[in-house]
Amino acid sequence: MPRGDSEQVRYCARFSYLWLKFSLIIYSTVFWLIGALVLSVGIYAEVERQKYKTLESAFLAPAIILILLGVVMFMVSFIGVLASLRDNLYLLQAFMYILGICLIMELIGGVVALTFRNQTIDFLNDNIRRGIENYYDDLDFKNIMDFVQKKFKCCGGEDYRDWSKNQYHDCSAPGPLACGVPYTCCIRNTTEVVNTMCGYKTIDKERFSVQDVIYVRGCTNAVIIWFMDNYTIMAGILLGILLPQFLGVLLTLLYITRVEDIIMEHSVTDGLLGPGAKPSVEAAGTGCCLCYPN
């Protein structure tokens with residue numbers, strides 16, 4: 001091969017190595033910082049949550065979910081940062097495999113949830129009922145439930161009768177809340193003054209007799225129907241979750257290939273020079289990074 005063509009190929013190889021290296025460093029660092037932020041928010045929320053009597057179910061504790069998500073993002077991204085800086089093949093492979101496993105597990109989880117849709121809905125409804133039992137004791141769940149009921153115009157998990165699981169809303173309970181639902185279940189115009197007593201004495205009545213007063217459909221089905229009607233938003237959310245992980249796997253795989261090519265090139269060069277000979281190719285730098293040779 002003419003010397004000019006050889007130098008051009010070498011320059012392209014060097015450029016691709018550096019481009020992949022810095023792209024992977026930026027990718028890992030961004031998600032490392034995001035993981036640290038999510039973890040910090042989760043820890044702060046959990047500290048605040050512990051000041052009050054709260055839910056025992058980790059599924060319904062947003063702070064616990066944030067902490068777990070933050071820990072996973074922080075640790076995995078840290079491996080990616082360290083691997084890309086050191087050009088360590090073992091760490092790079094570990095980073096790629098972890099991302100790939102997470103991606104596959106998410107896809108499998110989605111397929112299982114769709115395949116066993118009825119069981120998934122029952123699982124969600126059961127957890128919502130457990131949350132309703134502690135509605136007035138857990139501010140996190142209360143705020144989430146109130147928001148969902150107002151936003152999606154629904155009441156309870158399966159339907160409005162789920163509120164009988166709460167000790168204050170049970171029909172046998174003393175007090176004005178008995179046999180009623182929270183005011184966020186009520187049908188009202190935005191211009192009207194909020195009537196916090198609008199949902200009283202509705203649980204023990206039939207759907208048709210209260211459907212003009214409160215929302216009778218459950219929030220689980222309401223949210224599912226909303227996502228089906230707004231499939232573009234759902235597709236955007238799925239892409240936002242899955243695409244970065246896929247790009248991370250692809251980027252790491254390409255970078256591993258380039259690092260292996262460099263190692264192979266150096267091995268061949270050293271073998272041709274013979275034992276004890278000084279190679280003419282010198283490293284461009286040392287330290288935290290394995291730099292591409294000049």
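In case you wondered, yes, glycine gets a Cβ from its N, Cα and C as well.
Here Swiss-Prot flags 1-23 (among others) as topological domain 'Cytoplasmic'. Summed and averaged per residue, pLDDT over the topological domain 'Cytoplasmic' (1-23) gives 66.
Marked as transmembrane segment by Swiss-Prot on the basis of sequence analysis: 24-44 (among others).
Annotation source Swiss-Prot lists topological domain 'Extracellular' at 45-62 (among others), citing sequence analysis.
Taken from Swiss-Prot, the feature transmembrane segment applies to 63-83 (among others).
For 84-93 (among others), the entry in Swiss-Prot reads topological domain 'Cytoplasmic', with the evidence type sequence analysis.
Marked as transmembrane segment by Swiss-Prot on the basis of sequence analysis: 94-114 (among others). Long-range contacts of the transmembrane segment (94-114) within its own chain (CB-CB distance under 8 A, at least 6 residues past either end) are made by residues 28, 72, 76, 79-80, 83, 120, 241-242, 245-246, 248-249, 252-253, 256.
Secondary structure counts, DSSP: the topological domain 'Extracellular' (115-235) has 60 helix, 4 strand, 57 coil. Residues or ranges marked as topological domain 'Extracellular' by Swiss-Prot: 115-235 (among others).
Under a cutoff of 8 A between CB atoms, and with a sequence separation of 6+ in the same chain, Asn118 (N-linked glycosylation site) has no neighbours. The annotation N-linked glycosylation site is assigned in Swiss-Prot to Asn118 (among others).
The disulfide bond annotation in Swiss-Prot covers Cys154-Cys219 (among others). Counting only residues at least six positions away in the same chain, the Cβ atoms of Ile128, Met145, Val148, Gln149, Phe152, Cys154, Cys155, Gly156, Gly157 sit under 8 Å from the Cβ of Cys219 (disulfide bond).
Summarising the annotation, Swiss-Prot assigns disulfide bond to Cys155-Cys185 (among others) and lists experimental evidence as the type of evidence. Cβ neighbours within 10 Å of Cys155 (disulfide bond), excluding its own Cβ and spanning all shown chains: 31.
A sphere of 10 angstroms centred on the C-beta of Cys171 (disulfide bond) encloses 11 other C-beta atoms. For Cys171-Cys179 (among others), the entry in Swiss-Prot reads disulfide bond.
Counted within 10 Å of its Cβ, the other Cβ atoms near Cys198 (disulfide bond) come to 19, all protein chains included. According to Swiss-Prot, the feature disulfide bond maps to Cys186-Cys198 (among others), an assignment based on experimental evidence.
Other Cβ atoms within 10 Å of the Cβ of Asn189 (N-linked glycosylation site), summed over all protein chains shown, number 5. Annotation source Swiss-Prot lists N-linked glycosylation site at Asn189 (among others), citing experimental evidence.
Per Swiss-Prot, the feature N-linked glycosylation site maps to Asn230 (among others); the stated evidence is sequence analysis. Counting every protein chain shown, the Cβ of Asn230 (N-linked glycosylation site) has 12 other Cβ atoms within 10 Å.
Swiss-Prot lists 236-256 (among others) with the feature transmembrane segment. Long-range contacts of the transmembrane segment (236-256) within the same chain: residues 20-21, 23-24, 27, 31, 80, 84, 89, 92-93, 95-96, 99-100, 102-103, 106-107, each at least 6 residues beyond the stretch ends and with a Cβ under 8 Å from a Cβ of the stretch.
Under the heading topological domain 'Cytoplasmic', Swiss-Prot lists 257-294 (among others), citing sequence analysis as support.
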Open item on the list: Just to verify a number: CA distance, Asn189 (N-linked glycosylation site) to Cys198 (disulfide bond), in angstrom, no decimals.
Closed with: 13
Task: Residue among disulfide-bonded residues Cys171, Cys179, Cys185 with Cα closest to the Cα of Cys198 (disulfide bond) - done: Cys185
Task: Fewest other Cβ within 10 angstroms of its own Cβ, chosen from the disulfide-bonded residues Cys154, Cys179, Cys185, Cys186 - done: Cys179
